[in-house]
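The block underneath contains the structure these notes are about, expressed in structure tokens.
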Amino acid sequence: MFKTSISGLLTTIQLAMLAGLLAAASILAANAWWDRAAAERVVDAARTDRALFAGVIDTRAQIAAVQTALLTEDAPQTTISRVRDKADAAAAGAVDFARRMTGDEARRGTEAVTAAIAAMQAKRATIDTLAARPRDQRQLSDSSPWRESVYASVNAMLALSDLIGDELRMTDPAIAELVQIRRFAWQLRDQFGGQCSLLRPLVATSTPIPPETRTTWAAGIGGWRAALAGIDALIARPGAPAAVVARVGTARGQVTDTQARMDALVAGLDGSGTAAMEARAYTAMCNGPFDAILAISTAALDEAVRLAEDRQSVATRNLGLTLAGLALALALSVLGLVVIARRFRRPMSTLMTAVGRLGGRDFETPVPAPRHPDEIGRLAIALEDLRVSAREAERLEAEAAAARARDIARAETIRDLSRSFEGEVTAALAGISHAGRTLRNTASHMRALADAASERATTGAGATAEAASSVQTVAAATEELAASISEISARVQASATGAREAVDQVAATGRSFDALVEAARRIGDVVGLITDIAAQTNLLALNATIEAARAGEAGKGFAVVASEVKNLANQTSKATEEITALVADIQRRTGEAAGSMDQVQAAIRRVDQDSAAIAAAVEEQGAATGEISGSVQQVATATGEVQDIIAEVARSSGETGRAATEVTGSVEEVVHEQEVLQRAVGDFLSRVQQA
């Protein structure tokens, strides 16, 4: 598939990139989702820890409030009910938050808190019994079961809080630090509040502190101081939460001041049996630092919740950005596929269709204009240029074919004309040959007659003496001579007529040769035109080959066509060169034949002139014979005149013989030139027909 479709390869690569991008974006989105879920768990854990701590505080606060009410109020039920409601609400809120936590340990811790609260509520009957007694009959020691159940509830909530705090500490160092501050603050509260509960019975009776109680009391003091030192160590770093640092400073001052007052109170216990300090005042003194101490925990937990919420917000924002990036990646991938389809696949399909049409020699349908000036657009422009060049080449090829057809038709016409010319020339040459033979025969006869006339003149000269006595014989001879002269005159006239006809035929043949020379010249012009067309075709074939090379693989088919056109152009050039050589040879030979025809014409004209001279001589002989015939009766008296006439006849006969000899030579020359002309014409026609 990839070997035959680049668009398929690009689409597959794009899909692979899309798959990889989607996978990466999905992983990032999943991580962001997990981070957000973890942030939500951290927020829930921080809020649950804060709710548990509030429950611990309100639940633990019951002890001091209930014991104080039992010691100071005659009817403490209202105060006890209010304290219980507040503690129950805080415990219920803590349990509600705890139930949102996941995991087996959190579930078991929540169940333990619920069970401890239920047990604490079951022990409230003891407090109700004490509250129903008169104030002086109430012993705080009787509330120990309930107090222990309160401690159990507090410890259960603290255990669950520690579990949640441990989870929080594993998520973020800053939150871990705040959780530890909350624990130290609770330790401070627990250790400091523990001495209040420890000393309350002693203060109520002003009993000096026993040694074992003092040890416990000293341990409590050491405990809260260690907790405060731990808090100081955590907030000593730069960038510690300012609210927590401020709360720690306030709590330190109040705890230190209250501890000094507690130390003075313990030192004043004298065993008098009366209260060293009124119970409400003692409770107020003991509880005085609690709000500042708890403010440390509250500030730390609030800061932890804020950090957790900030982390949740960041996780939510990251999740949104990741999802947006995923959507953007998906959109870009889809856009990439669309761009590949619109900017590559469709234009390439259009170009392939255009190439198919060009391969089918459809050079009339234009290549669609590109929409974008990119590589494919430039390829489309090059393909359109190639189509135009191919169409022009096809047009030139058609013109060349038409020219070849015209050349073939012209060649056939020349062949027909050559054949017709051959027939006409052959007939003319045959006529010339016949006329030559006739002239030759006539000349021979004239020469014989001249010889006979000469002999007769000689005989007449010898018989002049007998002329007088033989007038009748002379008259008869004179009549015979007149008849012979008439015959010679007729022969000479026929020879002159044949010579003039030969001159006319030779002139016609000369005009034919002139037409043949003109036709050869026009053939040369046509050959020159064919040579120019072949050169242009060769140039166009070269341009088409270059354009096909630019087109690469798509132009191979047209390159073959261009090569064939170039070969045909070269063959045409070679053929026209051969035709040019043949036409030049034809023109040369035609010129030679025309020159020969001119010579023949001149010779025949000389024959005509000689024939005219012979005719004049014959006419003179006729006149002389007439004079002889008219003077036969005067022969006797004019023998001298007869002798002169006979001498004149002898001279004329000699001239006639010489003229006849010249005519015979001219005729022989005409026959020879006619044979040369016939061979030249035959060779010319053979070459023309072969060309």
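The chain as shown is numbered from 1 upward.
Even glycines carry a Cβ here, placed using N, Cα and C.
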### Query
Quick one: which of 267-294, 379-406, 463-490 does TrEMBL have down as coiled coil?
379-406
## Note on the structure
In DSSP terms, the domain 'HAMP' (342-395) comprises 39 helix, 0 strand, 15 coil
#### Entry: Mean of pLDDT values spanning the domain 'HAMP' (342-395)
81
